[in-house]
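**Student:** According to Swiss-Prot:
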| type | residues | note |
| --- | --- | --- |
| BINDING | R48, R54 | NADP(+) binding site |
| BINDING | R125, S126, S127, N238, A239, G278, K293, P294, T295, S296, S297, R319 | FMN binding site |
Amino acid sequence: MAGNTIGQLFRVTTFGESHGLALGCIVDGVPPGIPLTEADLQHDLDRRRPGTSRYTTQRREPDQVKILSGVFEGVTTGTSIGLLIENTDQRSQDYGAIKDLFRPGHADYTYEQKYGLRDYRGGGRSSARETAMRVAAGAIAKKYLAAKFGIVIRGCLTQMGDIPLAIKDWNQVEQNPFFCPDPDKIDALDELMRGLKKEGDSIGAKVTVVADGVPPGLGEPVFDRLDADIAHALMSINAVKGVEIGDGFEVVKLRGSENRDEITKDGFQSNHAGGILGGISSGQQIVANIALKPTSSITVPGHTINRFGEEVEMITKGRHDPCVGIRAVPIAEAMLAIVLMDHFMRQRAQNGDVTTTIPRW
């Protein structure tokens, strides 16, 4: 499996499976001298971890991260940072009955076609359990970007099913189990989730992630455009089926006179582009949206085949999220942070001495 690393100068490599002994990652490219403790990483891990509310999977993993290397006397040394999270609440017996079945909508069929075998316990490497390490690595990037440049990265749920959620109050996001920025919609979300749990079904969601304080100039045209790398990173998250930068697919409704972000001496007059022009950050707020499919791990009977080609009906057992979009919020934040950190390192390496007289806002 060659696709376990993201980034060029700030590089994150993850390993581990859903029901294996542990998850881990190696983070390369972290500058020396950054104060860093396990507590710095734990906050975002606690936001992502399972079993924290009745709306998410009841698999109870403490997700206590251990820093194995790269930190000495409380500061980074500039060498590889090794991180580890032990799995403690596996129930592999829940999956014994499906070892010869291909769960519809999951990676079972494609993994076995590619490798000739698969770890059927909770999806193995294809499980979203792997994203715990992305969140841990992303927390390092978030801390550096905030301390060095004042960049703030945050995300929220902006749609669940057919319920749109307006970004009314960022302070509300951490005050409810849905990462919802619209306090007027909490009851509707609660009602939807209760109904789904009763039916044994699931629902899709939309997550918005933004970065404020990003200076202009980040991005490497043409193939490593900033928006291209952000889209790549976000699309690599489990269950993501679509990525938008800025207005995304809504731009098809606009005319050029409406969509262009006009500039005056006071700055940009709009941000349809989502803070990126020509693959390079403009200094405006970076905005990205992701669409997450409803999980296929549901108790509604479905049709599939077994490895012998026989048609069977199956119900997925185990502990699963009725809406995977909820816990995707800190994951999306982490992936955006990893990409921005990598591009900061690349910009500093090539263009660190570049200065301009063009206004910045």
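Indices start at 1 and increase along the chain as displayed.
Placed from the backbone N, Cα and C atoms, the Cβ positions cover glycine too.
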**Student:** Would you please pick out, from the binding-site residues R54, K293, the one with the fewest other Cβ atoms within 10 Å of its Cβ?
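**Tutor:** Lowest Cβ count within 10 Å among the binding-site residues (R54, K293) is R54.
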**Student:** Measuring Cα to Cα, how many angstrom lie between R54 (NADP(+) binding site) and S127 (FMN binding site)?
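**Tutor:** Computed Cα spacing between R54 (NADP(+) binding site) and S127 (FMN binding site) is 20 Å.
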**Student:** Could you tell me which three-state DSSP class S127 (FMN binding site) falls into?
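**Tutor:** Assignment for S127 (FMN binding site) reads coil.
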**Student:** Cα-Cα, whole number of Å: A239 (FMN binding site) versus R48 (NADP(+) binding site)?
**Tutor:** 15
**Student:** Provide, as an integer number of angstrom, the distance between the C-alpha atoms of S297 (FMN binding site) and R48 (NADP(+) binding site).
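**Tutor:** It is 19 Å, counting Cα to Cα.
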**Student:** Spatially speaking, which of the binding-site residues R125, S127, K293, T295 is closest to R48 (NADP(+) binding site)? Use C-alpha to C-alpha, please.
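**Tutor:** Nearest in space to R48 (NADP(+) binding site), counting only the binding-site residues, is S127.
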